[in-house]
Ligand code: HSE
């Protein structure tokens, strides 16, 4: 069979990995695919690096020229961002090229426009590498679980945050010290905002939510809360109570609509997800027929991410001659069946909560707090008094039963108004992940 020719936009970490995978595993890939995959054109600012990594490819200065070339079957977009990357992807599709991208931000924010154009032009846009790096979770959601109604997804999908939380737990260090260490090790970007404030995880869970429930992608509906305000005391107290704190991306179909959120979360230490440490990623999917499935692996890095990119190249190469209706739909459901659904605002989600309250250590304070929670129908599952601090201040840690978030927030406003309560209450959501 004729070789498949690709045009590569971007030769950074992942692009270099793609060149390496295609070079080192070419024979194995051809055994599976029945044809070769060649990089015929490459666009990167560094022409020297391009010549070194892709000696057989032609270096092209302008990405908009590359995406129109007649000798390119598939464009691989690895620029990142939503500027030139978006323009190049739309131009590639308009030129009738299939596209593979690792760009979660682009798809979470402009996926609907991109997929609609791709369907109009009869081309495929594949994006396995956009979510959880090397873990084939897009494949699982779109194909492996196609017989199910998916009920919920919970994932550790940002390696940088997971590394920081793992270190804070193991060493008891403060967030800012671990972040500095992560930057020194090259795990965290010089500007780590996207990772630590939940944007990256938000992009990924937004994409998975659309695939799970057959909705358009809707990043605007995703609640984002990162890890930068976490205190290592809360990680320690959580551990004493049998929980770990993880930054989770969560999406769930409920009677009220779809929940879509990213925030630090207490999960029981016995759960597999609680034991995913360092920069590793894991995604748990709950579905009606299969039950719980879990996908674990490297969420970043040159070769794991390239593994996902090349798998997409192989998929497209297999389906390139298939009728459009015989291809896997971009958002897992037939385009006519992708329907906007209601998203549940944070006040209306149902969760259980970890609360840490700093109080003056005197008779009756605990009772008053318990009463204010009870008034809003918030039931306490566990309550402990932690260390007595300076100035006769004590800390009370409360775990609640499952309740509507609005009720907890109303109770917290009343609690924070008490003279005996010295600081804003710390609230961390909890997930039992028990199906
Ligand atoms: N920066 C991401 C992470 C990897 O830390 O997991 C790419 O999405």
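Cβ atoms here come from the backbone N, Cα and C positions, even for glycine.
The NADP(+) binding site feature in TrEMBL is assigned to 9, 10, 11, 12, 13, 14, 15, 16. In three-state terms derived from DSSP, residue 14 (NADP(+) binding site) belongs to a helical segment.
Marked as NADPH binding site by TrEMBL: 104. According to DSSP, residue 104 (NADPH binding site) sits within a helical segment.
The annotation L-homoserine binding site is assigned in TrEMBL to 189. On its own chain, residue 189 (L-homoserine binding site) has 160, 183, 195 as residues at least 6 apart in sequence with a Cβ closer than 8 Å to its own Cβ. In the three-state DSSP assignment, the secondary structure recorded for residue 189 (L-homoserine binding site) is coil.
What TrEMBL lists as active site, proton donor is 204. Other Cβ atoms within 10 Å of the Cβ of residue 204 (active site, proton donor), summed over all protein chains shown, number 28.
If you look up TrEMBL, you'll see 354-429 marked as domain 'ACT'. Per-residue pLDDT, averaged across the domain 'ACT' (354-429), gives 93.
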Going by DSSP, give the three-state secondary structure for residue 204 (active site, proton donor).
helix
Between residue 9 (NADP(+) binding site) and residue 104 (NADPH binding site), what C-alpha distance do you get in Å?
16
Looking only at C-alpha atoms, tell me how far residue 11 (NADP(+) binding site) is from residue 104 (NADPH binding site), rounded to the nearest Å.
17
Sorry to bug you, but what's the C-alpha spacing from residue 12 (NADP(+) binding site) to residue 204 (active site, proton donor), rounded to the closest Å?
21
State the Cα to Cα distance, in Å, between residue 13 (NADP(+) binding site) and residue 104 (NADPH binding site), rounded to an integer.
16
